[in-house]
């Protein structure tokens, strides 16, 4: 049994779980007869999160409830509540539909594939990746920009089903109940409204190829990839019950929506007259199928995506939360890097706000946060390994704005705060 240990000479306290001394950890929390360090507390929290994730509350059909799916999404994805609700309900209904079909074959429910529309860095891909972690079904992601029509250089559409089959360990039955996320779907829009003698093999051609597998067909899938092994036997995979989620930034779609608003006399026209004064995500809320057609998606393809969820631009508060709250938050990652040098990295709240505002100004969303932090911390990370006695580095708003340098706090408190290399 682990005992609370104290050094005979210095009365040093030790963690009752890992045995580290109070000098090796940041915090040592005292109980009636035991001590626990901050590292063990964090480890316990990780274990509890994993157990909660794996024990989702089930509905009567044995399917995770929409609220439970949404709750787990909340743990990883900041904001985008509407999109999370749409995804949670769609995934729940998808598997409820499959169970319903097996019990009542006389009633056939149509499949509702999903289209996610949102600005760059708003969380479309992260939502799909998080779904993969919380659902016990095969899941795969595909990049629409790599797809071409069969017979041309690039990936065949059937390769998407092959990846799903691989995710299911070649269990065809499981693969037929999986989920496919196709990213950058806006990049396969038709290049021109006018028919051309030049075949559009990566735009409209890919849309045509995707139609059948999205609606439901028996696809012949080569287990090793068809182009390199043409003589192999094909596996037959029915795509009727595979849920397809497509996502894209649809850059320029907001102009089409705004133009439609200016040409109509209905009430919401006044709301879109000045798109430069509004954020892209707000304009996306008013998207209609006709806007997607003008953007370059063919009518049949739009019809295969009946559920449209729009994501909003992330505001300053959401970006600040993204920096600090998720399990793998960027600030936590950089703090871990500094811990390897036995240095504590501290961000002032105003500094986090300044980082968020920079990302908003650049219109890069959450995707641009890492590059901003990297540029702020570059000189510090360059200097620190060669310095001795630095205990803490403090990042203020002025540091982010470029008007000051990070503060170095030394172990010798008589010279408590020293500006970085500028004062050296």
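The first residue you see is number 1, and the count goes up from there.
In case you wondered, yes, glycine gets a Cβ from its N, Cα and C as well.
Look at Swiss-Prot and you will find 3-56 tagged as domain 'ClpX-type ZB', backed by sequence analysis.
For 15, 18, 37, 40, the entry in Swiss-Prot reads Zn(2+) binding site. Secondary structure at residue 40 (Zn(2+) binding site), taken from DSSP and collapsed to helix, strand or coil, is helix. Counting only residues at least six positions away in the same chain, the Cβ atoms of 15, 17, 18 sit under 8 Å from the Cβ of residue 40 (Zn(2+) binding site).
Using a 10 Å radius centred on the Cβ of residue 120 (ATP binding site) and all shown protein chains, the other Cβ atoms total 15. Among the features that Swiss-Prot reports, ATP binding site is placed at 119, 120, 121, 122, 123, 124, 125, 126.
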Check: Using a 10 Å radius around each Cβ and counting other Cβ atoms from all shown chains, which of the binding-site residues 15, 18, 126 yields the largest count?
Finding: 15
Check: In this predicted model, what is the average pLDDT of the domain 'ClpX-type ZB' (3-56)?
Finding: 75
Item checked: Additional residues around Zn(2+), ordered along the sequence, whose Cβ is within 8 Å of the centroid of 15, 18, 37, 40 -> 16, 17, 19, 20, 25, 28, 35, 36, 38, 39, 41
Next item on the list: Rank the binding-site residues 122, 125 by the number of other Cβ atoms within 10 Å of each Cβ and report the first-ranked residue.
Entry: 122
Next item on the list: For the recorded ATP site, whose residues are 119, 120, 121, 122, 123, 124, 125, 126, find every other residue on that chain with a C-beta no more than 8 angstroms from the centre of their C-beta atoms, and list them by sequence position.
Entry: 118, 249, 311, 365, 366, 367
Note to self: To see if you understand the setup: which same-chain residues, six or more apart in sequence, place their Cβ under 8 Å from that of residue 119 (ATP binding site)?
What the structure shows: 249, 279, 280, 281, 284, 311, 313, 363, 365
